[in-house]
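Let me begin by presenting the structure, written as structure tokens, before commenting on it.
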Amino acid sequence: MQDLIASSLKYQNNTLSVLDQYLLPHQQVWHVCDDVASMRELILNLKIRGAPLIGLGASLLVAHLAEQGMAKAALAQAIDDLEATRPTAVNLMHCMAKLRIALQQDDYVMAIVSAAVSLFNEDIALCESMAKHGAALVNSGDNILTHCNTGALATAGIGTALGVIYKAQQRHGDIHVWVDETRPLLQGGRLTAFELERWQVPYTLICDNMAASLMAAGKVDKIFVGADRIAANGDFANKVGTYNLAVLAHFHNIPFYVVAPLTTLDVSTACGADIEIEQRNSAEVRGVSGSFGEALWAPTNAQVYNPAFDVTPAKLITGWVLDTGVYDQQQVLAGKLKDLN
Ligand SMILES: CSC[C@H]1O[C@H](OP(=O)(O)O)[C@H](O)[C@@H]1O
């Protein structure tokens, strides 16, 4: 398989490597990955994360295993096991479905490698398209709020929502970004801040509970977020805390945009209530340190609720920025997204 290089995923000299996003920004550690168990561990612990990227990482691993001579039945099992790793982001299921089709071909090794390479290169192009459409919505001097991390670290290209912000800054040169730290795993404070510094985009880091007062003070002009799964009616699942922002934006009449590739649309899921929300372990909320895993701040036995995502209804969304264009609420509530699939 040809060399493929992205910000946090690379296939070089027949070796698949993943940049450990859990350790960023203070440590940059690349892990070589050559088996299903290690890819599952990397995905489960958000060392590789981001809806598009986990699908691409899993796909490149399957292609690598196919080239290494893994038997057809074992490849089918690998696809099943990888697909089962995290339930909410549909990109993983989309990629694994493509590989299952490739596995049925006579020359399934070539077909799987070709599919994995196409998925990777397509993602780069999808990011550019989303960024172009989304940047057209940004005005000079805008203060944009974003949540979690949706940049190059989470994709093979420049990102989804953060790709829009990057392209808008290239166009205007004078935007500012409010960065939600995004509890509990701090993808915003750790990863989005890291990327915006790299891109020299001015930003201010905030705690998630500060967004409301900034909106009340008129300091937020637009909100752009990513998505893990968009239902047929336009509802979408995204990092927990997104729904908070949508309700606040609606109250304060602030444009709220979701940015995702069309492949994040899952027309087989009718509405947001049908999206499975991944429940994660309590240690992430309690905070764990030290070799004994003692809680950093909450009592060790605290009861914890830790959904990784929440669902935002279509009625709170101003626009859906896809690689195919921007769709407003009237179009989506009239069923436009189903026509796109
Ligand atoms: C372009 S990434 C989309 C999506 O994935 C992130 O979730 P996680 O960090 O748990 O992988 C987050 O919800 C982003 O908006």
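Heads up, the Cβ atoms here are built off N, Cα and C, so glycines get one too.
The substrate binding site annotation in TrEMBL covers R49, G50, A51, R86, Q187, N238, K239. The site 'Transition state stabilizer' annotation in TrEMBL covers C148. The active site, proton donor annotation in TrEMBL covers D228.
Where TrEMBL records a feature, it is marked here on the structure.
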residue	record	contacts (Cβ under 8 Å, 6+ apart)
R49	substrate binding site	Q21, I43, N149, A154, Q187
G50	substrate binding site	Q21, N149, T150, L153, A154, T155
A51	substrate binding site	A89, V90, N91, L92, A154, G226, A227, D228, R229, A260, T264
R86	substrate binding site	I43, L44, I54, L92, E278, A308
C148	site 'Transition state stabilizer'	D180, T182, Q187, G188, T192, V225, G226, N238, K239, G241, T242
- Candidate with the highest Cβ count within 10 Å, taken from the binding-site residues Q187, N238: N238
- Task: Using CB under 6 Å from any atom of ligand 1, narrow the recorded positions R49, R86, C148, D228 to the ones that qualify.
- Result: R49, C148, D228
- Reading the DSSP string in three states, the entry for K239 (substrate binding site) is strand
- Task: Translate the DSSP assignment of R86 (substrate binding site) into the three-state scheme.
- Result: coil
- Starting from the substrate site formed by R49, G50, A51, R86, Q187, N238, K239, give every other residue of that chain whose CB sits within 8 Å of the mean position of their CB atoms, in sequence order. L46, I54, A89, C148, N149, T150, A154, G226, D228, A308, F309
